[in-house]
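See structure below.
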Amino acid sequence: MNQKLFYSLVLIGLGALFFIPFLGNVRLFDWDEINFAECAREMIVLGDYWHVHIDFKPFYEKPPLFFWLQSMTMNVFGINEFSARLPNAICGIITLVYVYNLGYKLHSHRFGLLWALAYLGSITPHLYVRSGIIDPFFNLFIFVGLVNLIFAAWKRERLGGAMTVPKSEWRYVVLAGLMIGFAVLTKGPVAYLIVCLVLFIYWLLNRFRWFITPLQFLAFTALASAGSLIWYGLDVYLHGPELMREFLAYNIRLFSTSDAGHSGFPGFHFIILLVGCFPASIFAIRAFGQLFIERNYQRDFRQWMLILFWVVLILFSIVQSKIVHYSSLCYIPLTYFAALTLLQLEERKIQFSNWLWTGLLIIGGIFIIATIGLPLLAGHRMDLVKSIADQDPFTQGNLAANVNWSGWEVLPGVWLLVILVLVLIWYNNHEAARASVTLFVGSAVFVTLTLWSFIGRIEGISQDAPMRFFEQTQGQPVYVKTFDYHSYGPFFYTKKPPVTNPNYYDTNWLIRGKIDKDVLFVRKASVQPTLLDSLPDVRKTGEENGFVFYRRKAK
């Protein structure tokens, strides 16, 4: 067995070990995880895999590819949390193997391994492939598509040699178009926009040199557009232009307003990447400076990755909606930069400087303090936490949730502290190879321990009460609605059947009309009474952890 195949299998095993176990142990989180899983569930319930629905109404915000993947796993493993998250776990394993083989091709076996470990052991990249959101597949499709365009350019310019780019130019162009087409079908045309911006910036920086021919670019564009045009085109032909019109309107709103419910300051994504992609982010910063890169194609690939990184970061810093995963496409180039630094540390081409030491200590210290301090505060000084937190009834109700803190939850923080101490000693002693592997494998273990210790408790504080309420209504002949706040829980966790009475979508009918089934309402606790409290035939049935429950009986 050759080295590349052996380590690819090792990474498959390592990815499966970290990413797959316990995926279904905690409920899906509102909004995105439940939203996307519900889209897949409704595909199965309706038997309609061509259209995307939410609450059994057309859902215009996302194309169907990711929901097809989720519905496939749901058809095999059942409609549950494990099935909703499994596609991304598989995507994470594919990503590890892909970046290892790409790194092997670009530099060496060691570089590929460091790149894969940097991805495995960095906080947010690891978390994302254990979630049920769209972005891991979206990012992988874009990255693979861009890499194939780079290879097409290298083949045309005879850069990289036969070992690096063995296929024909056109084969790389076709693969690039197909991958970007998959990305567009996953999340929308922003995939094509990002790649075109990267190509344009590269073209400018290289003095308007045509690295692929205009004909190849047109072919790439046609292939990238084909899948979505077929999907949208057939829908327009069968049902009119509403889907296309609403989808375009949604994407325009997303770029121009904080439509997704999240706004933030312009440097939001810089902070998210610096802290969230620890420890890779610390090493990646060094790779933005001067490095000893020998071959022309290696320097060229670094330039491409710099452009991709900055295009994504600047683009989504401009966008008004600030959501953590908008900059997640930066994870792959960022871990590439980290691997460059790690390899040069091992080869002693650069020194482990004081600022690298300081960066690891400061950002690592944030995670250590948080994972040790939080269980100590929550377990022994919840009164202090409540006094610091917002005093509104909803927040105080959340914090009153009956969540048990045993004290063992400090273990992840202690683990990371030990790892950091060992790693800093080894780096200072010029044992970079041992230090790097220990740091990133140790960090992957830290993420896993943190998930085991905290994620169930976080879910218990933030959403357990309403989700249990929704689960208890499964199979009952009732309508379940949230009032004055939005949640996808009433759809997925009630196992809601298709809507048979269109009046259900009229909130006024549910509150005041002649209903044919009881209506159960859930709202967030507030100081002031709401409309529900003033209606004579709506009865408050309970209150728990910041949520208030009501029932209106059918007459």
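Just so you know, glycine gets a Cβ as well, placed from its N, Cα and C.
All TrEMBL annotations are machine predictions without curation.
According to TrEMBL, the features are:
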type     : residues : note
TRANSMEM : 6-24     : transmembrane segment
DOMAIN   : 62-231   : domain 'Glycosyltransferase RgtA/B/C/D-like'
TRANSMEM : 82-100   : transmembrane segment
TRANSMEM : 112-129  : transmembrane segment
TRANSMEM : 136-154  : transmembrane segment
TRANSMEM : 174-205  : transmembrane segment
TRANSMEM : 217-234  : transmembrane segment
TRANSMEM : 268-289  : transmembrane segment
TRANSMEM : 301-319  : transmembrane segment
TRANSMEM : 325-343  : transmembrane segment
TRANSMEM : 355-378  : transmembrane segment
TRANSMEM : 410-428  : transmembrane segment
TRANSMEM : 435-455  : transmembrane segment
Does the transmembrane segment (136-154) reach the transmembrane segment (82-100), going by 3 or more CB pairs under 8 Å (6 or more apart in sequence)?
-> yes
Between the transmembrane segment (6-24) and the stretches 174-205, 217-234, 355-378, 410-428, 435-455, the largest tally of CB pairs under 8 Å belongs to 435-455
Positions on the same chain near the transmembrane segment (82-100), where near means CB under 8 A and six or more residues out | 7-8, 11-12, 14-16, 19-20, 23-24, 28, 33, 36-37, 40, 66, 69-70, 72-74, 76, 112-113, 115-116, 119-120, 126, 128-133, 136-137, 140, 144, 332, 335-336
The transmembrane segment (301-319): which same-chain residues, six or more beyond its ends, come within Cβ distance under 8 Å?
-> 106, 143, 146, 150, 194, 197-198, 201-202, 205, 254-255, 266-270, 273, 287-288, 291, 293, 326-327, 329-330, 333-334, 336-337, 340
Quick one: do the transmembrane segment (112-129) and the transmembrane segment (325-343) reach 3+ CB pairs under 8 Å, ignoring pairs fewer than 6 apart in sequence?
-> yes
With pairs restricted to those 6 or more apart in sequence, evaluate whether the transmembrane segment (268-289) and the transmembrane segment (410-428) have 3+ C-beta pairs under 8 Å.
-> no
Are the transmembrane segment (174-205) and the transmembrane segment (355-378) near each other by the rule of at least 3 C-beta pairs under 8 angstroms (pairs 6 or more apart)?
-> no
